[in-house]
Amino acid sequence: MATENEENGADMQSESEESAYCLARQKLESLLNKNMRIRMTDGRTLVGLFLCTDRDCNVILGSAQEFLKSTDSFSQGEPRVLGLAMIPGHHVVSIEVESESLVNSSQGM
Amino acid sequence: MKSSVEEDDAGWSLGVPEKMRSNANWVDITQDFKAACRELNLGELLHDKLFGLFEAMSAIEMMDPKMDAGMIGNQVNRKVLNFEQAVKEGAIRVRDLSLPELIGIIDTCFCCLITWLEGHSLAQTVFTCLYVHNPELIQDPPLKAFCLGLLKLCDIARDKINKAAVFEEEDFQAMTYGFKMANNVTDLRVTGMLKDVEDDLQRRVKSTRSRQGEDRDPEVELEHQQCLALFSRVKFTRLLLTALISFTKKETSAVSEAQKLMTQAADLLPAIHSTIHHGNQPHNDTTKGDHPIMMGFEPLVNQRLLPPTFPRYAKIMKREEMVEYFSKLIQRIITVCNIISTTNLHGILDFFCEFSEQSPCVLSRSLLQTTFLIDNKKVFGTHLMQDLIKDALRSFVSPPVLSSKCSLYNNPQAKDYIDSFLTHCSRPFCSLIQIHGHNRARQRDKLGHILEEFATLQDEAEKVDAALHSLLLKLEPGRQHLACVGTWVLYHSLRIMILYLLSGFELELYSTHEYYYIYWYLSEFLYAWLMSTLSRADSSQMAEERILEEQQKGRSSKKSKKKKKARPLGKEITMSQAYQNMCAGMYKTMIALDMDGKVRKPQFELDSEQVRYEHRFAPFNSVVTPPPVHYIQFKEMSDLKKYSPPPQSADLYMAASKHFQQAKLILENITSPDAEVNRILKVAKPNIVVMKLLAGGHKKETKALPEFDFSTHKYFPVVKII
C-alpha cells in the first residue's frame, strides 16, 4: 500500500512538472516563425524569424538582419542581411515580438 | 512536401519580409521567454517541424569572432564614416592635397589593388579608400583622375577574369557589392584626364629642374622630386590602364600594342620604388589591425557589406613589396602577349603548360585565356578552332584524308567524316586549354575529368579511321588509312594521363611508399605507350613524305635533294625516352630501398595498398585505350620472382643507376638544351652516384630513411642517403 501511495505522489508531482513543461513548450511553439527582435550584449539588434531555441535560451533566427546600436528607429542606417543566425543565450539581453503576433497566437490557442 | 521545405529553406537565408521595415509594436517578452526555455530538457531543441538540427548547424554564431564579421566593426571605439560624412566633418579633404599626401594615397591604393588581385574582396581592399566611392566629389585633379583610373583598372580586370572563368574562390573574389566602377565615364575620357594631369606635372617637373650654375634651393629640389614621383605614378596608372584596354580590343595588333605599353610601364617602376619615402607613411594603430591608416582610408567602411560568412582578414600588401609585385605582374603579362606568335595547336598547348608552371596570378592567366579565344569564338579573333585542330592533326600524323594529293581529299563523304570529327574536337580542346589556365592545384582534378571526353573522342576517331580506310581501299587500293586520327587523339590522352600522375608529385599528394607504383605506371606503361604512339605518327609522316616525293619525281625529272632533315617529332621522342628512364630509375630505386627496409609503410588497417592504388589511377578507368592496369595485373607484371635468380637490392640499385645514366646520355645529346633538360640532368647526375654507392653496400645497415628532394625538379627527386 505504502509503495502505491508513494507512486501516486510521484505521479502527482511529475504531472504538475509536466503541465509546466507543456505550457512552456506551447508558449514557445506559438512564437515559432514569428518576427522577433533580440538585443545582444554588444548593443546590436537582430530581427528575424524565430526558428529554434533550447534550454540555454540559444536562439536561431531566420532571415536575420543586423541593426547597429540605434534601437528605436530603423531609419538610422541600413541593416545588414545575415540570414540564418544563432545568438548564444548568454548574449541575449532582451527579446521582443510584434504585438500582433502575440494577439494572433493567443487567439489560436 | 519536398518543395515546400525547399522554399522555406530559401526563406530562412534570404528574403526580407516587408513588415520588418514598418514600425511595428514590439512587446518585450524577455522574462517569459527565458523562463519558458528553462523548462525545456537538456539537449532538447524546440523548433518547427520543417527546421531541424541540420539547418541549425548552418547558422552563423553571433559574438564568435571567428564567425561574426559584424563584431569587429562594433568593437572599435571610433566613428566609422563613409565618404560623404567624412567630407562633411572635415575628416578628409577633397581639394588642395599636398604632394606627399597624394603620393601616399596612390601608393596605398596600389597596395590595395594588388591585395585584391591576390584573392581578397574589393570591399576590404580597394574600396577601403573613401575617395574611390565617389570620384565626382573630388576637386583635386590628380586625385580625381587617379581614382577614376583605378576604378577602370578594377573594372576591366574583373571583366577579363570573369570572362576567362579560370578562377576559384581561393583565386579571386568577383563580388562588387554594388560599388560604382566609374561606368558613367568613358575609358577614353579617363585616360585623357590622366594624360592632362601627367602633362601638368611634367611642366612642374621641368620648371623646378636644376639649372646650371644656380644655387639649389633644397625646397625646390624636394618639390622637384615629389612632382617627379607623382608624375611616374600617374603615368604608370595610365599605361597600365591603356594596356588593359588594348586587351579588350579584338585585333591581334592590339596585343602587341599592350606589350609595348607594359614595357614602358615597367620602365617607370624604379622611379616609383625610389620615391616611396616621399609619400605620407601609414602609421600603425593597433585598433585597426594590420590595415594601414591614412587620410582617405577607412578599413571598416564596408564591414557591413561583407557577406554573412566567417570574417576574412585582408592583409594589405606592404609598399616595398608593391613595386616587386608590379614588376612580376608586368613580366607575366608581357609573356602572355607572346602567345600570338604561336600559331599551331601543339605549340599553344605547350605554351599554356609552360606558362602555368610558374604559377601565375589570376589576372595574367585570364588575359592569356581571353587573348587566345576572343569571346569564346575564334582563336586570336581570326582563326576557327576547327582549322587550328585540322592543322595540328595534319602536321602530327599527315593523314591521307587531309593531303591534297590523296583522292579522299575532295571526296564529299570523307570530308563529312573528318569535318564532323574536327567539330567534335573543338570543345574538348578548348576545355583542355582552359584547364591549363586554372591554378595548379585545381588542374589535376579537372584533368582527371576531361579524360572522359577524350575517351569519347578516341572512340569516334577510331570509327572515322575505319570508315576512311574502307573508302580509301576502294579509291586507291594499296594505300592505308589506319590509326591516323586515332593516333593523334591517343597522343593527347596519354599526355593528359602523364600530366595527371606527375602533378601528384608537384602537389605532394603521394606518400613515399606509393612512389614505386606511380613511377612504374609512368615508365612501363604510359611513357612506353607515348613513345610507340609518337613513332607511329613519325612513320605515318614519313609515308606521306615518300608519296609526295614519288609524285614529284614523276612530274619533273629533277632529282629531289636527299637532305637529312630533323624529324619534327624527334625532340619529343627523345624527351619521352629521357623521362621514361628517369621514371624507371626511380621505380627500381624505390623497390630496392623497400627491400632494404628503407621505406616507411603505414599500418594498413582500414585500407590496403590496393585501395590506394585504385584510388590513384581511378580517372584512368574511363579510358579504353590505353586500357587501365588493375592492381592484380600490376602485381603480376612487376613480380620480381619471375626472374631467376630474383634480383637483390644491389642489382636493382645498379639497374637504377644505369637508367639515370641512360637519361643523362640522351639529354646530353640534345643540341640546344632548354631549362627543363638542365633540371633533369641536375637530378640524374647525383642519382647515378648515389645508386652506385648503394649498390656497393654503402650505409646498408643504417636505419635512417632516405630523403627525396624535389627542389631541383618537381617530378623527380634527388635521392639523399643520410
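Quick reminder: no glycine exception, Cβ is built from N, Cα and C everywhere.
Worth saying up front: this structure is predicted, and the values here are computed from it rather than measured.
The annotation compositional bias 'Basic residues' is assigned in TrEMBL to B:555-568.
What TrEMBL lists as domain 'NAA35-like N-terminal' is B:43-135 (among others).
Counting only same-chain residues 6+ beyond the ends of the domain 'NAA35-like N-terminal' (B:143-186), those with a CB under 8 A from a CB of the stretch are 94, 97, 102, 105-106, 109, 113, 116-117, 119-123, 126-127, 129, 131-135, 193-194, 196-197, 233-234, 237-238, 240-241, 244-245, 247-248, 302, 305, 307, 362-363, 365-370, 375, 434, 437-439, 442. The domain 'NAA35-like N-terminal' annotation in TrEMBL covers B:143-186 (among others).
For B:335-719, the entry in TrEMBL reads domain 'NAA35-like TPR repeats'.
As annotated by TrEMBL, region 'Disordered' applies to B:545-569.
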The domain 'NAA35-like N-terminal' (B:43-135): DSSP-derived helix, strand, coil residue counts: 47 helix, 5 strand, 41 coil
Secondary structure content of the domain 'NAA35-like N-terminal' (B:143-186), with strand meaning DSSP E or B: 22 helix, 0 strand, 22 coil
PLDDT averaged over every residue in the domain 'NAA35-like N-terminal' (B:143-186): 93
